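**Student:** Pasting in a structure now, in C-alpha cells, and then I'll have a few things to ask.
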C-alpha cells in the first residue's frame, strides 16, 4: 500500500500472520522512485504478542529506521479502519506507542524525548542543548537522532548542502536527521528537514517532535505548537506522558508486487 502523512510518503506491507518479508534489497528496490514505487520510509506490519501490532521501518537506502511518526500514524489509521477501533497500541523499536482517532486526523504519542548525550546518541559527553557545531544546534532523540538548527528563514536554509554534511558528522555515531526551524510565534514553527538515509522530504514526524522539544528547551516556544512543513501542517504537544503528534493521513493505492520485480532482487 502507498500512504502519506503531510506529504511524507510510505510503502506499507501488511505481514501479520506471516514471516517478515522485508530485506535490505527489497527496501532499496521498492524505494527507487524510477524503477520501484518510491517512499520516504518503508513500514512492515507484524503480528504482536504485547500490542495490537508490531511495526518495523526501513529507509530508502535499505538501512533500518528506529522511528517514523507519520508512517506510524498512517498504519494506525489503516488498522483502525479495518478493525473499527478508535485507539491502538503499536510496538516499535522505540517501545509501545499509543494512537487514537482525533476527528479526521490521527494522534500518536511518540513517547518521551531523549536529551542525554548517550541516549540521542552522541559520540561524547556534551551539552545536547548547545552542540559545538556552526549554527549552535540542539540534539534530541525521538527513537532516532535529530540535530535541530534555528534559522531566520527556513525556506532560505541550505538543506541540501548542510543536511548531508551534518547527517554524517562524527558527533553522531549513528548519523542523524537534520532539521531547520524558523520560529514564527510562541505557538508556531516553520520547519524543513533532511532525513537520515533518505534526503530532503516534505515532512518528518519524529523530526517535528524533536524540533518542538528543542524549541521549548531553548525557551523559544510553548509546549504545544503548530508546525508547517513542506507537505503540510502537524500539531505537536509535549505532555507529561510524551510528545503527542496530530496530523492528516491519506491512502493512495493498494497493489501487488509482480514476480518479475521480485525476481530482480
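Positions of Cβ are set from backbone N, Cα and C atoms, glycine also.
These came from TrEMBL, pasted as-is:
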ACT_SITE  68  active site, proton donor
ACT_SITE  68  active site
ACT_SITE  204  active site, proton acceptor
BINDING   8, 41, 59, 69, 70, 144, 177, 195, 196, 205, 206  substrate binding site
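A description of the local structural setting of each listed feature is requested, covering burial, neighbours and distances.
**Tutor:** Its own atom aside, the Cβ of residue 68 (active site, proton donor) has 30 Cβ atoms within 10 angstroms in the protein chains shown. Taken residue by residue with DSSP, residue 68 (active site, proton donor) is part of neither helix nor strand, so it is coil.
Within the same chain, residues at least six positions away from residue 204 (active site, proton acceptor) with a Cβ under 8 Å of its Cβ are 8, 40, 69, 70, 177, 179, 193, 195, 229. In the three-state DSSP scheme, residue 204 (active site, proton acceptor) is classed as coil.
Secondary structure at residue 177 (substrate binding site), as computed by DSSP, is strand.
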**Student:** What are the sequence-distant neighbours of residue 196 (substrate binding site), meaning same chain, six or more residues apart, C-beta distance under 8 angstroms?
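**Tutor:** In sequence order, 59, 63, 65, 144, 145, 167, 175, 176, 177 meet the Cβ cut-off.
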**Student:** Roughly how many Å lie between the Cα atoms of residue 68 (active site, proton donor) and residue 206 (substrate binding site), rounded to a whole value?
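**Tutor:** Pair distance, Cα basis, whole Å: 6 Å.
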**Student:** Out of these binding-site residues, 59, 177, 206, which one has the fewest other C-beta atoms within 10 Å of its own C-beta?
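**Tutor:** Counting other Cβ atoms within 10 Å of each of the binding-site residues 59, 177, 206 gives the minimum at 59.
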